[in-house]
Amino acid sequence: TLSLTMLQILLQATLLMTSSSLVAASEGDQAYVHHICMEKCLAKAGCSEAKVRRDRAAHPLTRWTTDSCEDQCKHDCLWQTVTAFHRDGLPTPKFYGRWPFLRLLGLQEPASALFSALNCACHVYMFAAFREQVNPQSPMYNVWHLYSLVAIATWLSSTVFHAKDIPLTEQLDYFSALLYLLTCLFCLACRLTVQRDNDYSKNRSNLIGLAAVAIASIVFYIRHVWYLSCVHFDYGYNMTVNLSVGAANCIGWLIWSIRRVRSQPYTRDCLLTVALLNGLVLLEVLDFPPIWWVLDAHSLWHGGTVLLAVPWYRFAIADCNYLLSEKQKSL
């Protein structure tokens with residue numbers, strides 16, 4: 001029942017998180033005042049259809065450092081439309097599926113970008129603590145190294161995407177998110193193969209099983225990236241894949257930690273992290289206009305996950321030390 005409830009929460013939140021990408025238009029950009037503003041702005045800036053096409057086809061680095069004439073007009077008309085809505089007593093509208101944000105230092109979503117950067121920094125700090133406190137001879141030492149490097153890369157991609165939303169950064173964010181989830185699932189598979197008196201790296205059958213899991217994950221990931229980048233960027237399909245892998249992670253780690261919480265009390269940190277993560281998902285359900293045009297539900301979700309790296313790595317450190325002690329006892 002607990003697993004099903006969490007799965008339902010994950011589904012609702014994921015639908016909301018991806019709804020901005022699933023719609024091509026919103027109330028704000030469909031408003032008459034926005035259409036008039038865009039026509040005048042594009043004409044004044046000499047932003048012809050040919051120029052728009054050239055800007056869209058520009059090198060990713062160029063699109064990162066400069067706004068196209070179309071993007072600049074969208075940003076300017078966004079605020080004119082918001083002002084018109086508020087003047088008529090209407091609520092703040094969304095534009096192209098997203099809330100309007102105040103740009104700070106050129107960042108399109110400053111709060112989400114900042115919190116993503118803090119998540120990245122926290123993973124870097126805890127990864128350093130892990131390396132200091134765990135003996136390289138521990139069975140899961142290299143596995144957690146892989147996890148940490150992927151997590152750091154994922155939060156870097158999230159930071160870049162929220163700082164500047166262009167097709168390249170959007171794809172990096174989505175692709176790294178799935179890579180992170182698959183890596184977490186692989187960590188779970190590795191941990192499940194470690195027995196109290198057995199190092200999985202010394203057992204041939206375990207190695208074959210893990211190799212099969214790794215190869216299947218890599219093939220699936222490559223196909224996923226190829227399909228979205230070369231065939232069709234299907235947001236619904238991407239959502240379904242991430243939801244499925246995320247739910248498998250959530251249920252798997254919950255069951256594993258609950259079964260061991262009495263014999264291995266440190267697994268409470270694993271249970272705590274997963275439980276808090278699911279609780280924070282509720283923030284995505286509370287979709288509301290940005291506070292001070294900076295803080296919205298999604299940015300608060302990113303802000304809430306910053307400190308979750310602390311109990312998670314604390315669990316990883318304790319578990320690695322536990323496995324090493326059991327390995328030494330068996331020897």
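Cβ coordinates are placed from backbone N, Cα and C, and glycine is handled just like the others.
Per TrEMBL, the features are:
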type	residues	note
SIGNAL	1-25	signal peptide
TRANSMEM	111-130	transmembrane segment
TRANSMEM	142-162	transmembrane segment
TRANSMEM	174-194	transmembrane segment
TRANSMEM	206-227	transmembrane segment
TRANSMEM	239-258	transmembrane segment
TRANSMEM	270-295	transmembrane segment
TRANSMEM	301-324	transmembrane segment
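Under the criterion of 3 or more C-beta pairs below 8 Å, with sequence separation of 6 or more, the transmembrane segment (174-194) and the transmembrane segment (239-258) qualify as touching. Counting only same-chain residues 6+ beyond the ends of the transmembrane segment (111-130), those with a CB under 8 A from a CB of the stretch are 144, 148, 151-152, 155-156, 158-159, 162-163, 290, 294-296, 298-300, 302-303, 305-307, 309-310, 312-313, 316-317, 320. Across 142-162, 206-227, 239-258, stretch 142-162 shows the highest tally of CB pairs under 8 A with the transmembrane segment (301-324). Sequence-distant neighbours of the transmembrane segment (142-162) (same chain, 6+ residues past either end, Cβ-Cβ under 8 Å): 107-109, 112-113, 116-117, 119-120, 123-124, 126-127, 130, 134, 169-170, 172-173, 175-177, 179-180, 183-184, 186-187, 190-191, 302, 309, 316, 320.
Outside the transmembrane segment (206-227) by six or more residues, the chain places 175, 178-179, 182, 185-186, 189-190, 193, 198, 200, 234, 237-238, 241 with a CB less than 8 A from a CB of the stretch.
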